[in-house]
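*Asks:* So TrEMBL has the following annotated:
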- His176: active site, proton acceptor (ACT_SITE)
- Gly10, Ser11, Gly12, Met13, Ile14, Gly15, Asp34, Asn96, Ile119, Thr120, Asn121: NAD(+) binding site (BINDING)
- Arg83, Arg89, Asn121, Arg152: substrate binding site (BINDING)
- 5-143: domain 'Lactate/malate dehydrogenase N-terminal' (DOMAIN)
- 148-311: domain 'Lactate/malate dehydrogenase C-terminal' (DOMAIN)
Amino acid sequence: MARSKIALIGSGMIGGTLAHLVGLKELGDAVLFDIAEGMPKGKALDLSQAGAVEGYDAVLKGTQDYADIAGADVCIVTAGVPRKPGMSRDDLLEINLKVMKAVGEGIKAHAPDAFVICITNPLDAMVWALQKFSGLPTNKVVGMAGVLDSARFKHFLAEEFDVSVEDVTTFVLGGHGDTMVPVVEYSTVAGIPIPDLIKMGWTSQGKIDAIVDRTRKGGGEIVQLLGNGSAYYAPASSAIAMADSYLKDKRRLLPCAAWLTGEYGCDGMYVGVPVIIGEEGVEKVVEIELGGEAQKNFQVSVDAVKELMEACKGLDSSLA
Ligand code: LMR
């Protein structure tokens, strides 16, 4: 069986972590692309030597040439600038939009059959622009956000209930900004919905509200702590979960920024919703019914994403 080829567009902290996970999880071979000289080659060599300890045989190549991503099965895009303390993700729009244009053109020319996962912020607007710039089918271009946000929600809930993360399920929908919507009604511990756990007295509404707020601001908390850059371990693990579902046709149901054509009342835009990822890419958008408060918050989040899309159109006429 041919080994999968995974192109990592951007070889910073997330790109390096992604390559390490590709090796450790034996997902295939990886190409680390970056415009920075030396860095992708250095990381590829270092990670190849780590393979000699860990026992993985992935071929890892560093490059500055888009031609090297040719034939990639999956492209994971982290290229662009991360935010610094005091900035919002939206402050990155102008600079990262230019990066998405170059990346989209590179993927279009060299890896048009790939499944593309975008991590660059502001996520929902960048994945939309990347799809436009690359011209790839909308079911083959997705944004990594909901998996990360749901993982943060899951971690905080597992801490609160003092149970394994394996027994917690969570859904965070909407845009990947401070308006994201952790859906408490569909989050459970061992199948028991959080509202029922509150009724049982296992936790309080106040504690859950605080966790929801912390989840919404989860990326910013890490940006503040790191001082110079943003999270990379959890974002990398999240994108790998999506790539794994695609490459192995696992059909996992994951919250991702997906292209919507009427679902959830959204048309012609990307926003975080539950989708099934299999060998065809996004195979199904799963429409869950949101309760009054969640529905209202979801709409606020959608409107925030639409505003960013409009801003992109103003910056690049080819998107209008
Ligand atoms: C995250 O949520 O960790 C990323 O979107 C990075 C950021 O700027 O918060």
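One is the number of the first residue shown, and numbering goes on along the chain from there.
Glycine is treated like the rest: Cβ placed from N, Cα and C.
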*Asks:* Determine the minimum-neighbour residue: among Arg83, Arg89, Arg152, His176, listed as recorded positions, which Cβ has the fewest other Cβ atoms within 10 angstroms?
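*Replies:* Least crowded of the recorded positions Arg83, Arg89, Arg152, His176, by Cβ count within 10 Å, is Arg83.
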*Asks:* Please check the binding-site residues Ile14, Arg89, Asn121, Arg152 against ligand 1 and give me the ones with CB under 6 A, sequence order.
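*Replies:* Close enough to ligand 1 are Arg89, Asn121.
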*Asks:* Taking the Cβ of Asp34 (NAD(+) binding site) as centre, how many other Cβ atoms lie within 10 Å?
*Replies:* 21
*Asks:* Within the domain 'Lactate/malate dehydrogenase N-terminal' (5-143) only, compute the mean pLDDT.
*Replies:* 98
*Asks:* Could you state the whole-number distance in Å separating the C-alpha atoms of Asn121 (NAD(+) binding site) and Arg89 (substrate binding site)?
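*Replies:* Distance between the two Cα atoms comes out at 6 Å.
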*Asks:* Can you tell me how far the Cα of Asp34 (NAD(+) binding site) sits from the Cα of Arg89 (substrate binding site), in Å?
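*Replies:* So the Cα of Arg89 (substrate binding site) lies 21 Å away from that of Asp34 (NAD(+) binding site).
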*Asks:* Give me the Cα-Cα distance between Arg83 (substrate binding site) and Ile119 (NAD(+) binding site), rounded to a whole Å.
*Replies:* 13
*Asks:* From the recorded positions Gly10, Gly12, Ile14, His176, pick the residue whose C-alpha lies nearest to the C-alpha of Arg89 (substrate binding site).
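*Replies:* Nearest listed residue in space: His176.
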*Asks:* Counting by DSSP, what is the helix, strand and coil composition of the domain 'Lactate/malate dehydrogenase N-terminal' (5-143)?
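*Replies:* Split by secondary structure, the domain 'Lactate/malate dehydrogenase N-terminal' (5-143) comes out as 69 helix, 25 strand, 45 coil.
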*Asks:* Give me the Cα-Cα distance between Gly10 (NAD(+) binding site) and His176 (active site, proton acceptor), rounded to a whole Å.
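*Replies:* About 20 Å separate the Cα atoms of these two residues.
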*Asks:* Could you check what DSSP calls Arg152 (substrate binding site) once collapsed to helix, strand or coil?
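*Replies:* In three-state terms, Arg152 (substrate binding site) counts as helix.
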*Asks:* By CA distance, which of the binding-site residues (Gly12, Ile14, Arg152) lies nearest to the residue listed as 'active site, proton acceptor'?
*Replies:* Arg152
